[in-house]
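Working notes for the structure below.
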Amino acid sequence: MYNQTTVDQDCHYATGSTFAAATLFICLFLFFITKFFNMLLVPFQQPRLITELTVGLVVGNMGFMTQLLEMVIPQLVSSFAEMGMSCYLLVLGLEMDLAVLAKKPNREAIVAYTGIISTFLITSTITPFIKLGKDANTIGFIVSLSITLTGTSSPVLTRLVTDLRISRSDIGRLVIGAGLHTDMVTMLLVSMSLVFHPYKSRKNDQMKLKEGLHVLVVLALIIVFLSTVLPIFVNWLNERNPVGKPMKGSDLVLFVATMMILCTTGPTMVGYSPTMASFLIGLAFPRKGRLSKMMISKINQIMNYVMFPLFFIWIGALASFRDLRPDEKFIWLKLLSLYAIVTVGKVLGALLAAMLLGFPFHVAVAIGFFLNVKGHFHMYVAAYALGEDLVTTGTYIMMILLAMLTIAIIPLVVKVMVEGASRKRSPYRQMTLQHLDPSTELRILLGIHGPQNIPSMINIMEVSRGNKATRIGVYVTDMIEINDCNSTIFVPEVYGSLENTTMADETVVSLREQITNAILSYVEESGKGINVQRLLAISTFANMHQDLCNLAEAVQASLLILPFHRNQRPDGKMDGVKHGFRYVNRKVLRQAPCSVGVLVDRGLGRIQKRSAPTAARIEVAVVFIGGKDDREALYYASRIAQHPAINLTAVRFLEETDTDKSSTKKHRRKLRSVIKMEEEERKLDDECFTEFYEKSMSCGRIGYLEKHVIDAKGTVSTLKSFEGHYALFIVGRGGRVNSILTSGMSDWEECPDLGPIGEILADSDFSLTASVLVVQQHCLDGLENEFTVMSI
């Protein structure tokens, strides 16, 4: 389809002896050069797309690399790139819903439409003076160029917003919804414009108009046919291949063959672009069912690992800087002018929407930059124009650099937004159990890694309600790692909204359904007084802690409980370390806007009939040594003690008074500078325990043990004496001021997220049946550096 003039025409075919060597060299070269540019760009928070584009431009302008590619894949680089774009547009169509165009415009649609109109009017008015076309700027060329520049790459924008951790903010959800609307409308306009520019046609305008009308009629009939027949065919295949069973080979072959015919043979016969036909077929394809999810998952894998690298190399090979004409020395000035024109159009549209909807103007400016993001399709259109001899190589290079510039500017925009929000943020209220008004609703955010955490978290949910007279709000969030296979396309259940976002990956969908069904079953059985809501934290392990903190702040949770990063094996021991969740837990403990609990499940999930009147009582011990975290653990223990299935024992550790005087004097001399702080903490501990005693133990339902020990060694031996007596230990993570009872424990601890006491209790040598809940109280220290952009 394209005149690839920048690639050496004397193609050499690889022999059997050189094919493997050339392939290995290409793979290694691409791997190392990608790593090199990634290291250069990561400090500037540039996304992966910028790295891949840079590699494509560099490699594409290396003559020996293009020759090697032509040897290994003769004359197929451009074909692979075009096929990859067809797959990309097919998946893009699958994530869009045409029905929203018939509904009353919501906030996202208004922002999208104002941006489209303003950008189209400005670009179509000014771009003729820049003279981007190779020949005279015809009306058709100006209109097509303006529509392309008006568009937004919604997949690229979604990934950018997600990676920059603002997808759960107001502006994040708004720009994702507006980006989807913009992308869908402009893609439909491009599809319509191609009707009057027949595929591989070189005829005059009058003949093109006649052919266009013919193609339009035939294409309309095809779309009507697809909208009625294709859903029936897909639903039939879905019924024959239910979820959970392997797909029949004959059905898979039939489905793949049908999609290939629809995307290639049919459109080409009537003179329509097969690439754009893939987008229209994606729009007509039923979004629900196994086949659509399978298509998205499999195509994403192929695109990320095969198609996109070849696509960017192809884009770079066409952007040959050697082919720049002498009269194109003002290309950089044209680039800046075109970027300014398009950006002004988007910003003016966002400002108009701001006046209509009433949000701040500085937010509107940021929205304008977000909606200006270009992506893969816009680069493909530029390559198409170059192949059709509509633009020069200089104009093509300018379009590619324009797309890169619109993406590269986004991290800077987000940084400015975050700094602005930090300066204007109001003081944050203390979200702790200790400061919670007993008459208000307790809100808990529970994190779940997978089905193995469901029983224990449901038991925590049950006992946290205390007596059934009090209400609690529980927010259960799935902690899902984002990766190349499941992150490219999100499928919103409500268009333009991320509150009801589901994943296209079948395993993730199945996992969420399993968790939801278990929670619904519990709520229907015994969930009176519990308000349960489902949430989703989907991110890379490097950023997941921020999503959890944003969710906790948004729902105003007082306690965030996370599973421990290790699970119990059938033999009772703990399995291997899951480093991803381990780092997530540690970051949450450092930055959470509320108190945090880490649950080590070693049998708590196996306790059944939690709420039944005849349920077996759970023996629980709260270990109190002193400090803010132990006080928070005591407040939580006092709440669950009100549950009829809980037998609580409060174990308080005190320093033995009859110790060697010399060692006591030596210790006091060593800690003379913190004696005042210790006295204040001890006073707070006494007040907290006195309050706990008066409210809880006076009723006679709670046991009390007082242990006097000399040092940390005595603390450890006393803790080990509790083995086999309790099913659950509740203990503070730390927060103790140089307590002699734990002095030296932190020197050999392996799990700082559990604290010294929690690590002893969670060790397999201590018990195989006792679960441990380690609690850390929220502290305001340093919070001024941990602001989020906006609330949900």
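Cβ coordinates are placed from backbone N, Cα and C, and glycine is handled just like the others.
Record features (TrEMBL):
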TRANSMEM  20-41  transmembrane segment
DOMAIN    33-419  domain 'Cation/H+ exchanger transmembrane'
TRANSMEM  53-77  transmembrane segment
TRANSMEM  109-130  transmembrane segment
TRANSMEM  174-195  transmembrane segment
TRANSMEM  215-234  transmembrane segment
TRANSMEM  254-281  transmembrane segment
TRANSMEM  302-319  transmembrane segment
TRANSMEM  331-356  transmembrane segment
TRANSMEM  363-384  transmembrane segment
TRANSMEM  396-418  transmembrane segment
DOMAIN    530-611  domain 'Cation/H(+) antiporter central'
DOMAIN    619-778  domain 'Cation/H(+) antiporter C-terminal'
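When Cβ distances are compared across the two stretches, the transmembrane segment (396-418) makes contact with the transmembrane segment (302-319), since 3 or more pairs at least 6 residues apart fall below 8 angstroms. The stretch in 20-41, 174-195, 215-234, 331-356 that contributes the largest number of Cβ pairs under 8 Å to the transmembrane segment (109-130) is 331-356. Residues 110-111, 114-123, 126-127, 130, 132, 149-150, 324, 363-365, 367-369, 371-372, 394-395, 397-398, 401-402, 405-406 of the same chain lie 6 or more positions beyond the ends of the transmembrane segment (331-356) yet place their CB under 8 Å from a CB of it. On the 0 to 100 pLDDT scale, the domain 'Cation/H(+) antiporter central' (530-611) averages 84 in the predicted structure.
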